[in-house]
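Take a look at the structure set out below.
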Amino acid sequence: MSKAPTSTNRTGRKIGQKVKKTKLKASSRRWLERHINDPYVQRAKLEGYRARAAFKLLEINDKHQILKGATRIIDLGAAPGSWSQIASKVTDSTEDDIRVAAIDFLEIDPIPGVKILQLDFLDPTAPDQLMEAVGGTPDLVLSDMAAPTTGHQKTDHIRTMHLCEVAADFAVQVLAEGGHFLAKTFQGGTEKALLDMLKKNFKQVLHIKPASSRSESVEMFLLAKHFKGRRHEPAIDADAEESTED
């Protein structure tokens, strides 16, 4: 299971380091101190992950087993690539048998077993390129996409929710029956139309706040489990569940 990191690391660095006063603004210095002293950042370096976000996925998987049995995975908003690193391992993806496709408009350094597309997911050609890259029907669609923040919470929420909606629509179009969809969202309410669509197409829908998400962050994750398939026009399922986890 994914365990909470300890307060020290093997390099001897201790939590609580201060950043020397330079020309950095106070807010930038506080962010840098928090980043340096973040135990998940330190653990990511020790375990070879590109970002602390790896532990969010691992923590969610510990409880919900969304990676179990996955044979092909698509990672949206993948930079710098920690989720794709995990996906490559669980699918046994190799350069000769690619089973993971990742997309981001930012550059991503190569990851063994991952086909990387440097492209905006909102580009009309992106869905077809992803499906060609992954080489088959995915069991899991991951989205860590978030719009650049403006500092205006309502605007940031609306923009990120749009990305979540586009990702959800893509997942419903491409997932294998029984597959799962996981996407970043922000606190502030998920649009009813999106929740209704997910509950029509998946057996269970949950909001999750992993312990590895910073406590002050408005970030949450929307998990839709057990895709019902595309063989019939979806109807509202009274048994579909929706819940929120801490």
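Here the Cβ of each residue, glycine as well, is placed from N, Cα and C on the backbone.
Asp104 is the residue from Asp62, Asp104, Asp169 that Swiss-Prot records in the S-adenosyl-L-methionine site together with Gly81, Trp83, Asp120, Asp144. Other Cβ atoms within 10 Å of the Cβ of Asp120 (S-adenosyl-L-methionine binding site) number 12 in total over all chains. The DSSP secondary structure for Gly81 (S-adenosyl-L-methionine binding site) is coil. Closest to Lys184 (active site, proton acceptor) by Cα-Cα distance, out of the binding-site residues Gly81, Trp83, Asp104, Asp120, Asp144, is Asp144.
Within 10 Å of the Cβ of Gly81 (S-adenosyl-L-methionine binding site) there are 24 other Cβ atoms, across all protein chains.
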